[in-house]
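Q: Dumping what TrEMBL says about this protein:
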- B:21-42: transmembrane segment (TRANSMEM)
- B:54-73: transmembrane segment (TRANSMEM)
- B:85-105: transmembrane segment (TRANSMEM)
- B:111-133: transmembrane segment (TRANSMEM)
- B:140-159: transmembrane segment (TRANSMEM)
- B:179-200: transmembrane segment (TRANSMEM)
- B:231-248: transmembrane segment (TRANSMEM)
- B:268-295: transmembrane segment (TRANSMEM)
Amino acid sequence: MQPLLKVEGLKKSFGGVAALRDGRFALEAGSVHALCGGNGAGKSTFLSILMGIHKRDGGTILHRGRPVEFNSPAEALASGIAIIEQELSPVPHMTVAENIYLGREPSTRFGGIDFKTMNRNAQALLDRLEFNISATQYMMNLSVAQMQLVEIAKALSHDADVIFMDEPTSAIGEKEAQHLFQAIERLKAEGKGIVYVSHRLSEIFQIADSYTVFRDGGFVGDGKLADIDRPGLIRMIVGRELGEEYIKTNTPTEIAGLEVTGLSASGKIEDISFTAHKGEIFGIYGLMGSGRTEIFNCLFGMDRASAGDIRLDGQPVAIRQPSDAMAEGMAFVTEDRKLTGLNLTDSVRNNICLASLPEMSPAFVMQRRREQASAADMIARFGIKAARDTMPVSGLSGGNQQKVVLGKWFLRDPRVLLLDEPTRGVDVGAKREIYRIICDFAAEGGTVVMISSEIDEILGMSDRILVMRQGRSAGIYSRKDADAQSLVHLST
Amino acid sequence: MSSLENKTSSTWLNADRRRLILQEYGIFLAFLLLVGVLALSNEFFLTPGNISNVLLQTSINGVLAIGMTFVILTRGIDLSVGSVVALAGMVSASFVTSSATAGIAGAPYPMVVALAVGILVGVCCGALVGFIVSRFSVPAFVATLGMLSAARGATLIYGGGRPVPALSAEFRWIGTGNILGIPMPVILLAVVFLVSWWVLTRTRFGRYIYAVGGNPHAAKTSGLNVTRIRFLVYVISGALSGLAGMILSARTGSALPQAGIAYELDAIAAVVIGGTSLSGGVGRVTGTLIGALIIGVMNNGLDLMGIQSYYQQVLKGALIVGAVMLDQKRNQGA
C-alpha cells in the first residue's frame with residue numbers, strides 16, 4: 001500500500017549549520033506514528049519544513065504519492081496537511097465556529113457572514129467527532145484541552161488527512177489526555193494519519209502504532225512499537241545506554257523541613273496539610289486545575305492564603321510576598337519557564353542572577369565580577385550548554401533553559417525547593433540531569449516538594465505522594481504503596 | 001529548536017560578532033553618516049556655533065527622551081511629558097518672576113527654590129500616574145493620556161491662561177548661561193545622560209527595570225517588587241519633564257501655557273529611533289541620546305539646506321518608521 005506521506009532525504013541548514021541532515025519518514029493511513037527525538041534532534045525543523053514555514057535545501061516529500069512543496073502553512077493545510085501546535089493561538093473573543101471557519105466564513109447573499117450556516121456546520125462537525133463542545137461558545141471559555149479539540153475539528157474541516165500533533169499533552173492533565181487519545185482513535189478509524197510528537201514515552205506506547213527516531217538532525221531508525229520496548233526506544237533516542245531512567249540517591253530523614261497545616265485559599269484549595277522532611281522528595285500529583293500549583297502560589301506568597309500555618313524547620317513563618325519566602329530559604333521553579341521563569345530577552349548570566357541581586361550587590365551599585373563568577377559557577381555545576389553567558393537565554397534549548405531556572409534558584413542556596421513540572425518540554429537526556437540535580441539536593445539534606453503530571457516521574461522520584469483532587473487532598477501515599485492505576489483513580 | 005549546539009565555534013563567533021557590532025553601533029554609524037552627508041553638503045554645518053546650536057536644540061528633547069526610556073523599558077509609555085513640561089515650567093516661573101500679577105507672594109525667590117519646586121511638580125505628576133498604573137493596572141497609555149489633558153488644564157488654571165513673564169536673570173541662566181562656552185542646557189543633558197546610563201547599566205535598580213520590562217511575571221516570581229519599580233519609572237520621567245520645563249522657560253525668558261505641546265511625540269521618536277523596544281526589556285539610553293541627536297541634526301541640516309519645515313515633518317515620520325523596520329530586520333536576520 002502506498003504511504004499517505006513519504007519523506008526522504010530532507011535537508012535543511014541554517015547559516016551553514018545543518019539542523020536536519022537526513023529526514024526520513026513514512027506515514028500509513030489509519031495509523032498513529034510517533035516522531036521521537038531529544039531537543040535538537042531536528043523534529044521541529046522537520047515539522048516546519050513540512051508545514052511550509054521553512055524552505056528545504058533538499059529531499060522529497062510525497063503526499064499520496066505526489067511530490068509537494070509548500071510555501072506557507074496555509075498551502076499545506078489546503079492540500080490536507082494540518083498541525084496542532086504545542087502552543088495554540090486561538091482568537092479568544094470569537095466563538096468556536098468563528099475560529100474553525102476563520103478566513104473562509106460562509107457568506108450570505110449580501111456579502112455578510114452567514115452565521116447560521118457556519119454555526120450549524122461547526123456543530124455538525126464537533127458532534128460527528130463526539131467532542132461535546134458547543135460551536136457558539138467563546139473560545140476563551142474553553143480549557144486548553146478543549147481548544148486542542150477545536151483545532152482538530154478545524155483541521156478536519158479543511159479535509160486534512162495528515163495531522164501533526166506537537167506535544168499535545170504538555171499543557172493538559174491526565175484525564176483530558178485520555179479524551180484526546182479517544183479523539184485520536186476516532187481519527188485513526190476514519191483513515192487519517194496522525195503524527196504524534198511527544199517527549200512522554202508512556203503516551204507513545206499507549207497510542208502510537210509505529211515510530212521514527214531522529215537524533216542530531218538525522219534519521220536513526222523506525223519500526224512498529226509492538227516490536228520495541230521502552231529501554232530500547234530510549235536507547236535509540238539518546239544514542240547511549242541510560243540504564244535506569246530515574247535516579248534515586250536520597251534518603252529521607254525524620255526531621256521536618258516544611259510543615260503545612262490547614263492551608264486554604266478560597267475557591268482554589270481547601271485544608272491542605274502535609275509535612276515534607278529534610279532529605280525527602282515529596283511529590284504532589286493531580287490533574288490540571290486540581291489546585292496543585294495553587295499550593296505553591298500560597299506557600300511562595302504569590303497568592304494570599306485565607307487560612308493555614310506554614311512552618312520551616314519547626315519555626316512558624318509569615319509569607320506575604322515572594323521576597324518573604326525567599327528570605328526564609330524557599331525557591332520556586334514555576335510551571336511555565338517562558339511565562340514566569342525566565343526573562344527571555346536577557347542574558348543567561350542576568351537570568352541566573354535575577355533572584356539574588358540584593359545579596360550579590362548589597363550596595364546600590366552592582367558587583368559585576370561576582371555576578372560573572374556566580375553565573376560561571378552555575379553553568380559549570382549544571383552543565384548548561386551556552387556559547388557565552390551573555391547570550392540571550394531564548395537561544396538555548398528547553399532543557400538548558402530549565403537548567404538556567406534551576407541555577408537561578410540554587411544560587412540562593414535554598415533550604416526548600418518547590419518544583420512545578422520541572423521537566424516539562426525537556427528531552428530525555430536533560431531530564432536525567434535534572435533528576436540528578438534534584439536528588440543531589442535532597443541527599444544533602446534539602447527538602448524538595450515536586451509537582452508533576454507525569455505519572456512515571458512522580459512514581460520514580462517521590463518518597464511520598466500527595467494526591468490532589470478538586471482543590472482537596474485525596475491522601476498521602478508512600479512510594480511503595482502507590483502505583484499508576486491508584487494515582488489516576490484517586491485524582492479523578 | 002536549538003541548532004546552536006551543533007555549530008562550530010568559529011562560524012558562530014563570526015556571525016555573532018557581526019550581529020553584535022551592528023546592534024551596538026548601527027545607530028551610531030547611521031548618525032555619523034548623517035553628520036558626514038550634512039557636513040559635505042553645507043559648509044556651516046560643522047562650525048562651532050552651529051554644533052552648539054544643534055546641541056542646544058536637542059537638550060530638552062534629550063532630557064525628556066531619557067526619562068521616556070526608563071518608562072518604555074518597563075513596557076510603559078508616558079504621553080504626559082509635554083503637559084508636565086508646561087506645568088512645571090509655569091509653576092517654577094511663578095517663583096522667580098518679577099511681575100507683580102503673575103508671581104506668587106514674595107517672588108522673586110532664589111533660583112534654587114524654583115528648581116526644587118519645578119522638579120517637585122514633575123515628581124508629583126509622575127507619582128500620580130505611576131500610582132494609577134502600578135496599583136490599579138490601568139494601561140499606561142490611558143493613565144498618561146489623562147495626565148496629558150489634566151496637566152495642561154492645570155497649567156492654564158494656574159496661570160489664568162496667561163504667560164508668566166520677566167523671569168529673574170539668575171533663573172534664566174539655566175537656559176541661556178554657559179560654563180566654559182558650553183551652554184547650560186547641554187551640560188544638564190550630559191549630566192542626566194551620565195547618571196541615567198550609570199543607573200541603567202551599573203545598578204541593581206537598572207537591572208530590575210530591564211527584568212520587569214522583559215518579563216514581569218518572572219520578575220515577580222524572583223522576588224522583585226514589580227509595583228514599586230513601575231511606580232518609580234514614572235516618577236523619574238516626571239522629574240525629568242519638570243527639569244525640561246524649567247530649561248524651556250529659562251531659555252525663552254517666560255513660561256507659556258502652550259509650551260511643550262506634542263513634545264511627547266519627539267521624545268518617543270528619539271527612544272524608538274535609538275533602538276529601544278516598545279515591548280519592553282530591550283534598549284539603551286545611549287541609543288536614545290543618539291536618537292535625539294539624529295532628530296536634532298536632521299532638523300538643523302534641513303533648515304540649513306533651506307528645506308521647508310513641512311517637508312521636515314514628513315522626513316521625520318519616514319525616519320521613525322524606517323529605523324524600526326531596520327531594527328526588526330536586524331533582529332530577525334543572523
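Glycine is treated like the rest: Cβ placed from N, Cα and C.
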Q: Tell me, please, if the transmembrane segment (B:140-159) and the transmembrane segment (B:111-133) are in contact, taking contact as 3+ Cβ pairs under 8 Å between residues separated by 6 or more positions?
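A: Contact between the transmembrane segment (B:111-133) and the transmembrane segment (B:140-159): present, because at least 3 Cβ pairs are under 8 Å.
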Q: For the transmembrane segment (B:111-133), find every same-chain residue at least 6 residues outside the stretch whose CB is under 8 Å from a CB in it, and list them.
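A: Those are 76, 78, 80, 84, 87-89, 91-93, 95-96, 139-140, 143-144, 146-147, 151, 168, 170-171, 173-174, 230-243, 245-246, in sequence order.
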Q: Any chance you could find the range in B:21-42, B:54-73, B:85-105, B:179-200 with the most Cβ pairs under 8 Å to the transmembrane segment (B:231-248)?
A: B:54-73
Q: Within the same chain, where does the transmembrane segment (B:85-105) have neighbours whose Cβ lies under 8 angstroms from its own Cβ atoms, ignoring anything closer than 6 residues to its ends? I mean 6 or more beyond.
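A: Result: 60, 64, 111, 113-115, 117-119, 121-122, 125, 151-152, 154-155, 158-159, 162-168, 170-171, 241-246, 248-249, 254-261, 263.
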Q: Which residues of the same chain, at least 6 past either end of the transmembrane segment (B:54-73), have a Cβ under 8 Å from a Cβ in it?
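A: Sequence-distant neighbours of the transmembrane segment (B:54-73): 81, 85, 140, 183, 185-186, 188-189, 192-193, 196, 200, 209-210, 213, 233-234, 236-241, 243-244, 247-248, 263-264, 266-268, 270-271, 274, 276-278, 280-285, 288-289, 291-293, 295-297, 299-300.
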